[in-house]
Amino acid sequence: MTTLVARQDERTQPPVLPTRGGAKDRWVRRAPLLPALIFALVITQIPFLYTLYLSTLSWNALRPGDKPFVGLDNYVTVLTDTRLRSALVNTVLLTAGAVIFSMILGLLLALLLDRKFLGRSVVRTLLITPFLVMPIAAALLWKHAIFNPAYGLINGIFGGSTDWISSYPKGAVIATLVWQWTPFMMLILLAGLQSQSHEVIEAARVDGANAWQIFRRMTLPHLRQYLELGALLGSIYLVNTFDAIFSITQGGPGTATTNLPYEIYLTTFRKFEYGEASAAGVIVVILTIIVATFALRVISSLFKMEEHR
Amino acid sequence: MRRLWGVVAWVAGIVFVFPVIWMVLTSFKQEQAAAGNPPSWVFTPTLAQYEQVFDRNITPFLLNSLMASIFSTIFVVALATPAAYALSLRPVAKWTDTLFFFISTKMMPAVAALLPLYLLVKHLGMLDNIWTMVVLYTSMNLPLAVWMMRSFLLEVPREVLEAGEVDGAGLLTSIRKIILPIVSPGLAATALICFIFAWNEFFLAVNLTATNAGTAPIFLVGFISSEGLFLARLCAAATLVSLPVLIAGWLAQNKLVRGLSMGAVK
């Protein structure tokens, strides 16, 4: 690691031989960027290169000293393993469920908050509060104070003795995530609503368009970009959900809520299958790159709008 | 009609915040009252649960969290601000590529880096060390801060900067007199958001720290054991560890959306 840092540092020096004004200017421009860039390269890329290497070894930490090179065997094992496939399906279900529901609720709340009423800023503060509660605290709160069959709030208010977590494990996890992420969606969509031109809407109203027509034909198309952005950013954050699984269900019952992060965590620190965990990690990275490519496209389109302003 | 929507919004706000209110209420109950069914609404408030939490030694965990969050935030801002400058006001040649490199590191799932990080950190003898967490949180928040700071720096009017240069203002003068006054609210918001993410981080902390460098989320997890009644105590601990972020978030709420969308939404 140190050699890489040293070599990159040398490069920050302007070339010794004939310095043209242009080259010098380029380095002056680059200098403020380099510390952050080098730091990000070292801390994020080295672990990934190391993961690639580890994924070709048959290495179980319980058998120290014995870690032969096995090529792509770990990938074969992982891809043919039903556990990973079910973890993948769970990841998609949990992420999609949480994103879709928090998006719908967030849109409704944003539409409410876009109106003028007494105490609007107080209500906005109330609505963002769930997002600010520490995720692990929120997960424990929902597990014990809300879902608990004996003294949880749901059964306490509505009666009954349903054990919400074991009856609806995915639903319980999704409900907790939706509660935390609705404020995020609401904030993004509210920003979208508030960037709408009021004159145009007023003009449509004068022309006799009703509220629903205005929403369908004007607000929704205008919001499209914000909806996409919310969905993609939400997916990027939520695909990595670990806190809620770890504390609410421990991936269970069975593997009903084991998502990819939790499965890889189990493979690494419970089964000590380092090679397989690395291969699974690489696969997750590839999947993320596919999703992220779409995300970047959306972000770049927002970016272009900004340039044109 | 208008009043009706106001009422609906208020009801929605209260429903959403209710679990938090319930958490705070429960934290002031005795365990017997907290575990009652149906839930008790009227009770004599007590600080016993908070005393218990401090007796169980939450302080070092809070201090670790404070250290990891504050130092990583300082490092992030120190690295990201000049970088954002080189990507906005005086851009390098390939500034778009660089920006997208930063954001792509944010999209990489932490779980894929967990094992190599664990092995490298262990090899360096830095497991369960708060400075490891400082470095990792710095790298975790760096892309966010670069993007956010860039979006704030772009608000500095170029004409004013150029006018300053014509008048012979050096780089330091224009930073101090022109740039800083304009971006300082943005700088504060960036710092608060980085603080929030570092404070709340659980995944890396649970796998790379233990007793010495354990942060507040780790305390919370270790705290719930299977010893009978504990709900009120758990709520007290959860309230306590959430408090700094609640305050930071309320303070930064006008800039929150911009930070979370990496500056894409104003």
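Positions of Cβ are set from backbone N, Cα and C atoms, glycine also.
Residues or ranges marked as domain 'ABC transmembrane type-1' in TrEMBL: B:62-252. As annotated by TrEMBL, transmembrane segment applies to B:7-25, B:66-87, B:99-118, B:130-149, B:178-199, B:205-224, B:231-252.
For the transmembrane segment (B:205-224), the list of distant contacts is 53, 56, 58, 60-62, 64-65, 68, 114, 117-118, 121, 127-130, 132-133, 136, 199, 230, 233-234, 237-238, 241: same-chain residues at least six beyond its ends, Cβ to Cβ under 8 Å. For the transmembrane segment (B:178-199), the list of distant contacts is 65, 68-70, 72-73, 76-77, 80-81, 89, 137, 140-141, 144-145, 148-149, 151-153, 155-156, 160-161, 164, 169, 216, 244-245, 248-249, 251-252, 254-256, 258-260: same-chain residues at least six beyond its ends, Cβ to Cβ under 8 Å.
Among the recorded stretches B:7-25, B:66-87, B:99-118, the one sharing the largest number of Cβ pairs closer than 8 Å with the transmembrane segment (B:130-149) is B:66-87.
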